[in-house]
4 protein chains.
Amino acid sequence: MKKIGVFTSGGDAPGMNAALRAVVRGCIYYGIEVYGIRYGYKGMIEGDIIPLNSHSVSNIIQRAGTVLKSARCQEFREPEGRKKAFDNLKKFGIDALIAIGGDGTFTGAKVFFEEHAIPVIGIPGTIDNDIYGTDKTIGFDTAVNTALSAVDNIRDTADSHDRVFFIEVMGRDSGYIAIQSGIGGGAEMVMVPETKTTINEVIEALQKGWSRSKTSSIVVIAEGDEEGNAFEISEKVKARVKDLKDIRVTILGHVQRGGTPTAQDRILASRLGLSAVEGLRDGKSGVMVGVINDEVTFTSFGDSITKQKPLNKDLIRMVEILSI
Amino acid sequence: MKKIGVFTSGGDAPGMNAALRAVVRGCIYYGIEVYGIRYGYKGMIEGDIIPLNSHSVSNIIQRAGTVLKSARCQEFREPEGRKKAFDNLKKFGIDALIAIGGDGTFTGAKVFFEEHAIPVIGIPGTIDNDIYGTDKTIGFDTAVNTALSAVDNIRDTADSHDRVFFIEVMGRDSGYIAIQSGIGGGAEMVMVPETKTTINEVIEALQKGWSRSKTSSIVVIAEGDEEGNAFEISEKVKARVKDLKDIRVTILGHVQRGGTPTAQDRILASRLGLSAVEGLRDGKSGVMVGVINDEVTFTSFGDSITKQKPLNKDLIRMVEILSI
Amino acid sequence: MKKIGVFTSGGDAPGMNAALRAVVRGCIYYGIEVYGIRYGYKGMIEGDIIPLNSHSVSNIIQRAGTVLKSARCQEFREPEGRKKAFDNLKKFGIDALIAIGGDGTFTGAKVFFEEHAIPVIGIPGTIDNDIYGTDKTIGFDTAVNTALSAVDNIRDTADSHDRVFFIEVMGRDSGYIAIQSGIGGGAEMVMVPETKTTINEVIEALQKGWSRSKTSSIVVIAEGDEEGNAFEISEKVKARVKDLKDIRVTILGHVQRGGTPTAQDRILASRLGLSAVEGLRDGKSGVMVGVINDEVTFTSFGDSITKQKPLNKDLIRMVEILSI
Amino acid sequence: MKKIGVFTSGGDAPGMNAALRAVVRGCIYYGIEVYGIRYGYKGMIEGDIIPLNSHSVSNIIQRAGTVLKSARCQEFREPEGRKKAFDNLKKFGIDALIAIGGDGTFTGAKVFFEEHAIPVIGIPGTIDNDIYGTDKTIGFDTAVNTALSAVDNIRDTADSHDRVFFIEVMGRDSGYIAIQSGIGGGAEMVMVPETKTTINEVIEALQKGWSRSKTSSIVVIAEGDEEGNAFEISEKVKARVKDLKDIRVTILGHVQRGGTPTAQDRILASRLGLSAVEGLRDGKSGVMVGVINDEVTFTSFGDSITKQKPLNKDLIRMVEILSI
């Protein structure tokens with residue numbers, strides 16, 4: 001293995017740049033040439049490929065987003081597109097790949113690896129934390145802290161009035177951000193896609209708080225909740241509780257994708273980036289690198305894509321007990 | 001003047017506690033007793049009044065919200081309610097008032113002062129900055145920085161994709177937060193209640209950016225815009241631009257009311273709190289204290305309520321030039 | 001078990017209040033009365049003990065420090081002091097204790113538990129993370145992020161000049177904060193108490209960077225380094241490298257003890273607080289509760305005090321590779 | 001005027017990039033070509049000059065430091081050096097300059113302008129705020145908030161113990177950062193170069209606090225205080241007060257030069273950048289652009305360098321009253 005190509009794909013996550021930096025410097029340390037493929041699979045097909053050196057990744061460890069950019073790519077879903085991509089890699093002499101991204105990225109990498117037998121290792125980067133094979137994904141800790149900071153701000157003002165606040169955080173298929181920011185922010189209720197929460201249960205939780213003379217309440221909602229988005233849920237609650245005058249809604253949206261990565265995200269990203277290089281050197285391929293119980297582990301793309309990482313039920317239980 | 005009563009009323013704003021602290025310590029410095037009236041006019045009517053000393057306001061300078069709490073009060077709008085309130089003040093021997101709040105607070109204070117001839121000075125605390133008689137209101141600088149931080153986070157991720165982001169910030173009648181966070185965040189367009197911006201103008205600004213191959217664009221919208229809220233505006237834009245696939249919306253909401261107050265908000269609040277005490281000692285009344293051109297000034301409640309503070313047109317011009 | 005007393009002792013750490021909140025609400029959930037002992041062992045001896053309810057711990061989850069206060073206490077080191085403390089607990093009917101603190105706190109708790117047979121469970125709260133029996137201590141994640149933010153700020157400016165920056169972070173006996181903020185901040189060198197780093201090694205690392213035309217370098221030093229504090233080390237380096245004009249020193253000090261606790265610190269604290277209550281209910285005693293590999297575990301005070309938690313050598317290795 | 005050259009010089013300050021962005025986009029708006037001179041006067045002499053366009057300054061408004069870099073330059077102090085610099089400017093066709101920096105930068109600009117008659121406008125960028133001709137300099141608001149955040153963190157922990165904290169902030173010749181972060185942070189005492197504060201006065205202030213049973217005290221010291229740095233002052237206090245066991249020192253250092261610029265710094269920088277371009281178009285030269293009382297103003301380099309901007313005495317008075 002002499003030349004590694006590295007790229008980011010799918011939604012960006014804070015810490016991706018730290019992972020890239022670790023890949024580049026890990027390669028240099030081991031005497032491997034390293035190329036950056038810009039705009040993910042799209043750049044691979046179009047040959048948007050540039051050599052990287054130590055300076056290329058100076059001063060990016062603290063920056064969100066991805067300096068290699070990211071893009072969607074329909075063409076890579078077709079064998080012809082992948083053929084073109086592979087030809088480009090050959091042209092540059094790239095004989096192994098590191099793919100930083102989420103489920104969709106790994107699905108592409110798996111097919112590509114099976115079709116063209118080029119060694120690939122994936123690094124899990126997504127704020128949603130919904131990837132099997134690693135305790136945490138890059139970007140998750142930052143996103144939770146961003147969401148938490150919003151909950152904190154609302155709690156500052158909530159304390160001064162009688163109000164119900166609904167805060168919608170990210171997580172279309174996964175309640176990780178909602179549950180952690182909900183516990184961390186002392187929310188009265190958390191609604192996640194993994195468990196069914198009815199509007200009546202929300203109302204009960206709110207009423208329990210009022211009966212203890214809480215002056216205001218916070219409900220954190222993951223965007224993928226089956227009862228709808230935060231506006232819809234707030235309307236449903238309002239419709240059933242009379243005299244509920246003051247309801248306010250916050251939709252955080254992509255605010256959660258940005259922000260300076262936290263220490264844990266940078267350290268995780270650095271560790272995964274370096275381990276991906278070392279994994280390729282050790283002959284590993286078709287796998288995603290992760291950290292489980294503070295140990296570096298490798299999981300087949302197949303498992304990482306199809307297996308479910310369950311939400312810690314202990315945390316769901318805590319929301320109820322701690323909002324007493 | 002021997003006993004001053006102080007209260008917060010209306011929507012809370014970061015820095016109100018710093019103002020309260022300055023009122024209390026200013027009173028102590030000048031040998032005046034000071035009482036806190038909890039829950040604004042409501043507490044005045046109900047006699048929810050407590051003595052304050054130096055320790056009462058320890059360690060609150062950095063906290064958002066208001067430790068004196070705030071509430072709405074229908075009863076104070078009636079002469080009977082105000083009579084009850086005045087009787088309570090007499091009972092406690094309170095012979096002057098300091099009211100921390102916004103327009104609504106000062107309207108109540110003005111009537112009360114005219115009816116019962118008790119000296120009152122107002123301190124402008126509202127994140128909207130829409131009060132005549134002071135360059136800035138307490139809480140505005142913090143709210144702008146909170147909104148800006150959201151714009152920054154979105155810019156982090158915007159840089160990696162082709163997208164249009166609509167961010168709704170506070171300001172029902174005033175575009176101050178929108179214009180300042182828009183300039184500070186390098187937005188492509190800012191929509192404020194003070195000026196009419198059509199959907200076509202938004203689309204033109206976006207298209208100008210695309211023609212310069214900008215990969216993503218940010219539009220900051222004050223909640224009071226006549227074209228609707230951020231969701232509605234985004235739908236209108238989508239309806240008229242074909243092939244505009246990727247639009248995302250953030251509604252910050254009450255996140256902007258919280259957060260640790262900035263240095264400028266704390267210093268302004270400290271200065272206004274102390275000056276309010278000194279103003280009462282100097283025999284001033286029926287006025288709001290403010291800072292204009294770094295000088296403490298007093299403006300009659302009448303002017304502060306009815307006169308308009310115009311948005312700096314120079315800033316509106318800057319948005320367009322700087323997003324080139 | 002009917003009444004639990006809870007206290008904080010030793011140096012405070014961000015998240016202690018979140019742990020206290022979880023203890024109080026956990027007790028309420030299980031129908032146990034709960035008392036707060038103010039100023040740690042000192043308050044126990046002096047009878048500074050107050051009943052706590054759900055409202056007592058409202059709105060403290062996000063606040064650093066400890067609302068129960070902390071203090072040193074010489075008297076508790078003597079059997080007579082401990083006897084007085086025990087008598088006070090009996091007077092209040094307190095039949096079990098939860099101690100939030102570090103090594104010193106647990107040493108006291110161990111002796112007390114052995115002498116008076118009152119059930120005690122400890123919760124590890126210290127920014128240093130140097131306690132055996134838990135992957136992380138409460139406050140560590142926050143402290144690392146605070147230190148990291150300082151390194152980031154310095155990197156911002158370092159990028160513009162030719163300079164060497166020495167940053168001293170906390171950790172008298174432990175390099176955890178130094179190593180994590182060093183990796184997260186992309187430092188050129190980290191000096192920790194666990195390993196011997198000579199001044200010559202520092203100079204070599206700096207010169208390696210200069211030879212790669214790095215314009216500036218950052219050295220993170222744990223306060224307990226055997227070569228001295230940051231000023232002393234900077235002087236030693238200056239003495240041996242001629243033409244090294246520009247050296248700057250930052251001593252963060254207690255800045256690292258404060259700050260809003262991170263999501264991870266709050267969640268850890270909440271989990272440990274609740275688990276401590278549940279541990280006492282299950283008959284556990286003389287143990288510290290911790291989280292290892294995401295599982296709640298109990299470790300005897302003896303082990304938690306005497307056993308060493310080693311610094312992950314993998315992280316030390318990473319500093320060198322990633323600063324290439 | 002067809003080609004403007006822009007550079008940053010001296011110590012960097014957060015917001016310099018925002019000023020650069022405004023200069024570049026202002027030039028584009030007015031149809032003027034714009035070149036970046038890297039490393040200040042050094043780059044001018046060495047011909048390190050690059051064309052800038054709208055994209056060159058994308059996504060830098062939120063970044064501290066200066067993308068044009070900064071450097072010291074002995075050679076520019078000699079007429080020969082300045083001649084070389086001027087010849088380079090001629091080679092590129094640059095017929096006007098915008099200099100972003102502090103006193104030293106303007107001193108160089110003044111001589112250069114007088115010697116070679118090339119139009120120059122200066123933009124005040126320094127965290128110290130010690131420049132005559134503008135209410136605030138770029139970077140000051142950010143630096144104050146950074147220092148304030150450190151004071152806040154220490155206050156969090158100070159509240160839990162009996163301690164005296166000495167915090168040294170920047171300001172060799174100017175107490176602006178010290179006084180503002182001291183008031184904002186509720187410090188017991190502030191020591192600034194502008195006024196003489198004896199060690200005995202410090203001790204008196206501390207003892208006054210102790211007599212009111214304050215549990216801890218914070219003293220903010222500007223680095224240029226005549227009694228020495230924070231360590232030296234803490235030692236002097238310790239020597240004279242017996243039983244003063246617990247003194248802690250923080251030296252913030254260059255942490256204050258970094259950090260994401262605040263909204264006010266970005267808006268000020270944007271306004272000054274654009275106004276500098278417009279000033280050159282209007283034929284202004286040999287002047288610094290500033291904002292006084294919210295109006296753009298131009299001050300001759302001579303005045304801006306030699307005249308003193310006094311510290312607001314009202315603020316000094318406030319420290320004492322508010323720490324009661």
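For all residues, glycine too, the Cβ spot is worked out from N, Cα and C.
Whatever TrEMBL says is automated annotation, not expert-curated.
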**Item:** Same-site ATP binder from B:Gly11, B:Gly15, B:Gly26, B:Gly171, given that TrEMBL records B:Arg72, B:Cys73, B:Gly102, B:Asp103, B:Gly104, B:Thr105
**Value:** B:Gly11
**Request:** Would you identify which residue of B:Arg63, B:Arg155, B:Arg257 TrEMBL lists as part of the ADP site it also attributes to B:Arg21, B:Ala22, B:Val23, B:Val24, B:Arg25, B:Gly186, B:Ala187, B:Glu188, B:Arg212, B:Lys214, B:Thr215, B:Ser216?
**Result:** B:Arg155
**Message:** Of B:Val23, B:Arg25, B:Met170, B:Arg257, which is closest to B:Arg72 (ATP binding site) if I measure between C-alpha atoms? They're all binding-site residues.
**Reply:** B:Arg257
**Prompt:** Using the Cβ centroid of B:Gly11, B:Arg72, B:Cys73, B:Gly102, B:Asp103, B:Gly104, B:Thr105 as the reference point for the ATP site, which residues of the same chain not in that list have Cβ within 8 Å?
**Reply:** B:Ser9, B:Gly10, B:Gly40, B:Ser70, B:Gly101, B:Thr107, B:Gly108
**Request:** Between any two of B:Thr126, B:Ile127, B:Asp128, B:Arg163, B:Met170, B:Gly171, B:Arg172, B:Glu223, B:Arg248, B:His254, B:Val255, B:Gln256, B:Arg257, the residues recorded as binding substrate, what is the biggest Cα to Cα distance in Å?
**Result:** 33
**Prompt:** Given the binding-site residues B:Arg172, B:Arg257, which one has the fewest other C-beta atoms within 10 angstroms of its C-beta?
**Reply:** B:Arg172
**Candidate binding-site residues B:Val23, B:Arg25, B:Met170, B:Arg248, B:Val255, pick with smallest Cα gap to B:Gly104 (ATP binding site)** = B:Met170
**Fill in**
Quick note, binding-site residues B:Arg21, B:Asp103, B:Thr126, B:Ser216 vs chain A, Cβ pairs under 8 Å, ordered by sequence, gives none
**Request:** Would you kindly give the Cα-Cα distance separating B:Arg257 (substrate binding site) and B:Arg25 (ADP binding site), rounded to the nearest Å?
**Result:** 25
**Message:** Which one is it, among the binding-site residues B:Gly186, B:Glu188, B:Lys214, B:Ser216, that lies nearest to B:Thr126 (substrate binding site) by Cα separation?
**Reply:** B:Gly186
**Asked** Can you count the other CB atoms that lie within 10 A of the CB of B:Arg248 (substrate binding site)?
**Response** 20
**Complete:** When pLDDT is averaged across the domain 'Phosphofructokinase' (B:3-279), the result is 94
**Asked** Relative to the Cα of B:Glu188 (ADP binding site), which of the recorded positions B:Gly102, B:Asp103, B:Thr105, B:Asp128 has the closest Cα?
**Response** B:Asp128
**Item:** Residues from the recorded positions B:Val23, B:Gly102, B:Asp128, B:Gly186 that lie close to chain D, Cβ under 8 Å, in sequence order
**Value:** B:Gly186
**Fewest-neighbour residue among binding-site residues, criterion Cβ within 10 Å, set B:Gly11, B:Gly102, B:Gly104, B:Gly186** = B:Gly104
